[in-house]
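Asks: This is the structure I want to talk about, given as structure tokens.
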Amino acid sequence: MAPEASPERSCSLHTCPLEDPTGAPVPPPTVSTLQAIDPTSPLTAGHFAFPRAPQDYQEGSSLLGLGDQASLCAHVSNLSTSIDTSQHDGVWKQPSVQRHVVSVRQERTFRMPKSYSHMIADWPVAVIVGCLAFIFLCTLAGLLGSPPLDFSEPLLGFEPRDTEIGRRLEVWKAMQALTGPKNLLSLSPDPEMNSSSLLSTLSPAAWGRAEESVVRTKRMVGPVEVKEEENFFCGRPEKSHAKLVFVSTSGGSLWNLQAIHSMCRIEQEQIRSHISFGALCQRSAANECCPSWSLGNYLAVLSNRSSCQDTTQADTDRTLALLRFCATFYHRGVLVPACVGSSQDKPPFCAQVPAKCTGSNVVYEFLHYLLDRDFLSPQTADYQVPSLKFALLFLPIIKTSSLLDIYLDGLGDPIKVSDNYTSISGMDLGLKPRLLKYYLAEDTMYPLIALVVIFFGMSLYLRSLFITFMSLLGVLGSLMVAYFLYHVAFRMAYFPFVNLAALLLLSGVCVNYTLIFLDMWRLSRGQVPSGGMPHRVGRTMHHFGYLLLVSGLTTSAAFYGSYLSRLPAVRCFALFMGTAVLVHMGLTLLWLPATVVLHERYLAHGCVAQAHGQRGGSDPLRLLLALHRRIRIFRKIISILSRLLFQRLLPCGVIKFRYIWICWFAALAAGGAYIGGVSPRLQLPILLPLGGQFFRSSHPFERFDAEYRQQFLFEDLPPNEGGNLPVVLVWGILPVDTSDPLDPRTNSSVVSDPDFSPSSPEAQEWLLALCHGAQNQSFFGDQPEGWPTLCLVEALQQWMESPSCGRLGPDLCCGQSEFPWAPQLYLHCLKMMALEQSPDGTRDLGLRFDTHGNLAALVLKFQTNLPYSTEYGPVHHFYTEISRWLSTEMSKAPPGLNQGWFTSNLELYSLQHSLSTEPAVVLGLALALAFATLLLSTWNVPLSLFSVAAVAGTVLLTVGLLVLLEWQLNTAEALFLSASVGLSVDLTINYCISYHLCPHPDRLSRVAFSLRQISRATAMTTGVLFASGVIMLPSTILLYRKLGIIVMMVKFLGCGFASFFFQSLCCFFGPEKNCGQILWPCAHLPWDAGTEDPDEKGRAGPPGFSEHYELQPLARRRSPSFDTSTATSKLSHRPSILSEDLQIHDGSCCLQHAQAPVSPRDLLLDHQTVFSQCPALQTSSPYKQAGPTPQTWIRQDSQGQKTEPLQALPEGPAHCPKSKVEELPDGLCSSASTLEGLSVSDDTCASEHSVRVPDSVGTSPEVMNGTGHPILERGQLNGKRDTLWLALKETIYDPNMPNSHHSSLSWKGRGGPGDISPVMLPNSQPDLPDVWLRRPSTYTSGYSS
């Protein structure tokens, strides 16, 4: 303390009244550390008063920062006396009582921080404000410099771009959109002769939808004559009408009167009674809503009833007999619309059909549209009572988004659309895109609830709402900065909807970082009890900063690996998510430690003080206090169970059963690889993303597409209407996609081939040969009418010889029989043929003319005999066969036609081809980038390989489980699989870095060290993310559900592989010391501390005196008394710390001078570090008081004058300092052994045979020579325990001191400046001397636990 005359001065956290009875002025302070003072010094206890320190400082719960305006300092005596000096005397003397002299000095209000830790500790508010200002500026620039978010088309971007097939499809779509009268390309050479059409004014996307509508209409059966009885309906049902599928509630047949009446009743109550139905329905000539095409209405028409409800059972029986009779002709293919009616120009085969089957359209439409394909099929026609499983109802409403109100008010409720007989199980209302947008906004609550669960679990673990809130703010800030970089720095124009998933995924990364940092922060309090806030920040960030950099870089690299995909949405997500992880890593380095320092300094003490200060008051207050006490009791129980699980059971279980864990997880990974890649493997999609699955499988919209659509015969494609794959050959336009591959909203334009020349004689001959060669191929099929023929040259020859050649007047082309023709004549004749056969510019002859009337391109088509399929295999065979044939032909083409290419209906195949090849490549690249990042960060090959093996096992098992869950490899699944590496890599890196930074050289101790240090935070992270995934399962949107499943599965499996598989691999093959390490010059590893060369140690400080005492090697046989002696030693009055973290010490046994730190601060750092890492050997049986245990030492100053014997400071077993402000988590004690949990097991506590027992350093006080120097002597062990390692982490033990006093003062005596006194190892035999070991003053940069 300072002299009494010093005025009272205030620190930032404490008020320190200082008094000086002598009135002497305060000498200027030199350092800011606590140091023991020699009693003969002028600054001894007699000169100072020791007032009561504040409560929080006494308990060791808070650390003063070096940046306080009034710092707590200590004076350093200039005397040369020390403990080292006293050891030169011939007699051992009791050391003096350690007394701390504290003074207060005034410092400058503002000063520049000396280092990163000083900046965080001294200016936490400034750091946080600076980060907030940076986030605000980036957010403002990102919002102002980018277009507003548009999620109107959430599935946009899931079609492959920038692939060979994709480029050709984009160019072909652009050519179709730009072809027409008054357009860039035309079918006629003279645009003035063509009238404008609707298609020329449509955009490419709108034109495609219009063409699709035309194609769908053409596939419908053509109109036929309507009979008088059919005037009940408004025409015939079309595919464009809204459809409902009815099933039986009881599982029986729908062909009964009760079920038919039930369907009519549900339609009337839930659809026709809706207020919007009248405005949407199709109306008859009488301006009334047309009746529905339903089972009951067709039955009423055949039975001459006025409505569905008037039908009887006899009507159903009579109609069933008629349908049974006519079904035979329908399935034979002779009952077709052409045979229906009374017209005379029927096909000849219609004579086979009886008149009662063709007298009306009702019978045909009954069988073709309303009944499922199995009802009255040839296989079930002989059944006495056929079963109708599904019945279709066509509403007189065109499929449109206007049906949303009807769906939400009635059809969307399963209870309203079902009764005791029937229920609506499937729907096709054309509402999937519109309903997707609705549910995307409606189900957003599930991801938000998942976020609440994540941060609520974090707050329970941290016990701080402030840190939790700041962590959430850091996540949001990181996303906003990433959004700024995404748009402004990377120039990305498209922001897909899937990028919003980054909020949930980045929150999981934040939880992992925050929990680990807080564990290390609490741990550093016990390791650095008096080092100040800057040293505590530096101590924590020494380990956490390394872990954060490695984890952040590896995770972002894994996400960036997905950029290799050709799906624009996946590439945009990879870029945004990888950038967000990097930004969050950078902000965490500043934001998180500053937040914790701010909480530690201003919030933690105040909150606890208020809680302890309110002891009385009203009944509600007492009730709250009672509840608080119960919660604390429950929390203590959870803490005890957590300590038992993560500090004892988990390390023991991993190390003891490591053989089982390796085999089990390797088998799981191999099984996942086989299931996902061989059989049954992930199935490719059979629908395009716009027609794919949006909602969960039980949704009626999805059930109609997946189950019911193929149950009705009208959905089948007729064999002569687009059933086969066409081939489109293009010359004159290069297959170059000019659109932005990362923006699916952009459309490509056409790029002309400058070398295109189809008029040369060689080109004419080659085109004719190409026609004949294609006709001889096995894939060439029958050509439909009106198609542009592949044989353009033959068509021109036929036209020249036909009478129609001269229809436009005399021309040079007519009658030309010489071949090949002159180039100018050839081009002129092609133009004349186009004008004659397509005067309005609507017939496609395969010619494309530009605006000047010149031939710009050739587009020739032919039909193959290969049927279109949604399966990948047949279409892949078609594509490879056509590509091989065309490549061969193009190799023979003349220079003007050698740039030709082909395309077809390959949209689905393009997606399937990308999904069949890219996920494996993307996952492999992500794993390779993760390995490279780990290797560059740790420079350790085995650890990098083991980490990547654990991540790969997680991904393989995830894929296998997804196959068992019947997932298809669709676009969403490809996105989540590409992100699985980034989601699972951080948990493994936690253990990898903790293992790498462990100061212990042997692999078992390092495995236990990493498990005890990281496992609880890893388990908590996995738990909260698993819970968040469960929360998202009830969502209607399939994207949310699958995101929840992926998060659950990847995090759970990743935790298992990291905790058991990776650690078990390290138990077997983990690197020891420098094994597998890529060494660089001047490299210093954590476990190299204490093994420096004596000469190097001599240069570290002034010379001193040091003795080395060598113990006898331990036996390799384990004693039966292992467990008994361990248990009794814990119950004895002397400290015993079980450990297997033996530090290898290669020092020699000769006399050499010990090194003292050059400054008290260095002394403090060295002393604390060594005490937590330098082990020794100790006997373990119950201690005997009869042994010769010295109680006092006699100290001697430099002049040889003896001082009074002083009692040594006692110190009990090492433990965590218990604080009234905040309890440390169990298992985070700095002095606890890394394998303390293994001491209870007789099987797992044995050391490896490969680990040698090191030499220890010691000096015996009983054996001294005449000059006061110790005599080296072998120590004795009683042999009761073999290969047991004990860590020296205590000061001198005093048996007269109570155990409670030992516990309360153990942390205070540890690490004090100048405390390098020897430590006694009591022998269990009363007739043998104890062993005394000298504490070396060696500083190591390792991080101890």
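Glycine too: its Cβ is placed from the backbone N, Cα and C atoms.
Note that this is a predicted model, so its numbers are computed, not measured.
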Asks: What residue among ASN194, ASN420, ASN747 has an entry for N-linked glycosylation site in Swiss-Prot?
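Replies: ASN420, according to Swiss-Prot.
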Asks: Check the candidates ARG745, ARG843, ARG1099, ARG1310 against Swiss-Prot and report the one noted as omega-N-methylarginine.
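Replies: Going through ARG745, ARG843, ARG1099, ARG1310 one by one, Swiss-Prot annotates ARG1310 as omega-N-methylarginine.
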Asks: Which residue, chosen from ASN78, ASN304, is annotated N-linked glycosylation site in Swiss-Prot?
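Replies: Per Swiss-Prot, the residue annotated as N-linked glycosylation site is ASN304.
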Asks: Across the domain 'SSD' (429-598), what is the average pLDDT of the model, as a whole number?
Replies: 91
Asks: Is the transmembrane segment (1019-1039) packed against any residues at least 6 beyond its ends, judged by a Cβ distance under 8 Å, and which are they?
Replies: 436, 439-440, 442-443, 446-447, 449-451, 453-454, 457-458, 461, 498, 504, 508, 511-512, 515, 646, 693-696, 699, 972, 987, 1045-1049, 1051-1052, 1054-1055, 1059
Asks: Hey, which bits of the same chain come close to the transmembrane segment (919-939), Cβ under 8 Å, at least six residues off its ends?
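Replies: For the transmembrane segment (919-939), the list is 546, 549-550, 553-554, 557-562, 564-565, 677, 945, 947-948, 951-952, 955, 969, 974, 977-978, 980-982, 985, 989, 992-993, 996, 1077-1080.
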Asks: For the transmembrane segment (125-145), could you work out the same-chain residues 6 or more beyond its ends whose Cβ comes under 8 Å from its Cβ atoms?
Replies: 119, 470, 477, 480-481, 483-488, 587, 590-591, 594-595, 598
Asks: At an 8 Å Cβ cut-off, counting only pairs 6 or more apart in sequence, do the transmembrane segment (659-679) and the transmembrane segment (544-564) clear the bar of 3 or more pairs?
Replies: no
